[in-house]
Amino acid sequence: MKLTCVLIISVLFLTASQLITAVYSRDKQQYRAARLRDEMRNLKGARDCGEQGQGCYTRPCCPGLECLGGGTGGGVCQP
């Protein structure tokens with residue numbers, strides 16, 4: 001009986017804290033989609049061109065680099 005009461009009270013407490021947190025953070029994440037989009041653009045794997053030492057099988061090398069060693073597995077961007 002005591003354990004059941006403790007569980008019920010803890011669930012109510014956690015639910016109340018979640019609701020309070022949701023109310024206070026409702027307007028804090030404006031433009032979240034735009035921020036995530038900008039973060040995705042800055043990821044190393046999301047660049048439009050391959051940097052030095054990266055593979056150039058599926059995307060072209062960055063300016064100033066060329067694709068060398070283009071065998072069956074693709075080449076590597078080198079200056």
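We count from 1, first residue shown onward.
Here the Cβ of each residue, glycine as well, is placed from N, Cα and C on the backbone.
According to Swiss-Prot, the feature signal peptide maps to 1-22. Outside the signal peptide (1-22) by six or more residues, the chain places nothing with a CB less than 8 A from a CB of the stretch.
Per Swiss-Prot, disulfide bond is recorded for C49-C62 (among others). C49 (disulfide bond) has a Cβ environment of 13 other Cβ atoms inside 10 Å.
Annotation source Swiss-Prot lists disulfide bond at C56-C67 (among others), citing similarity to another entry. Annotation note: C67 (disulfide bond) sits in a strand segment as assigned by DSSP. Shown in sequence order, G50, C56, P60, C61, G74, G75, V76, C77, Q78 are the residues of the chain, 6+ apart in sequence, with a C-beta less than 8 angstroms from the C-beta of C67 (disulfide bond).
Feature annotation from Swiss-Prot assigns 4-hydroxyproline to P60 (among others); the stated evidence is similarity to another entry.
Marked as disulfide bond by Swiss-Prot on the basis of similarity to another entry: C61-C77 (among others). In the three-state DSSP scheme, C61 (disulfide bond) is classed as strand.
Annotation comment: Swiss-Prot describes P63 (among others) as 4-hydroxyproline, evidence class similarity to another entry.
Across the disulfide-bonded residues listed here (C61, C62), the residue whose Cβ sits among the most other Cβ atoms within 10 Å is C61.
DSSP classifies C77 (disulfide bond) as strand under the three-state reduction. The most crowded of the modified residues listed here (P60, P63) is P60, judged by how many other CB atoms sit within 10 Å of its own CB.
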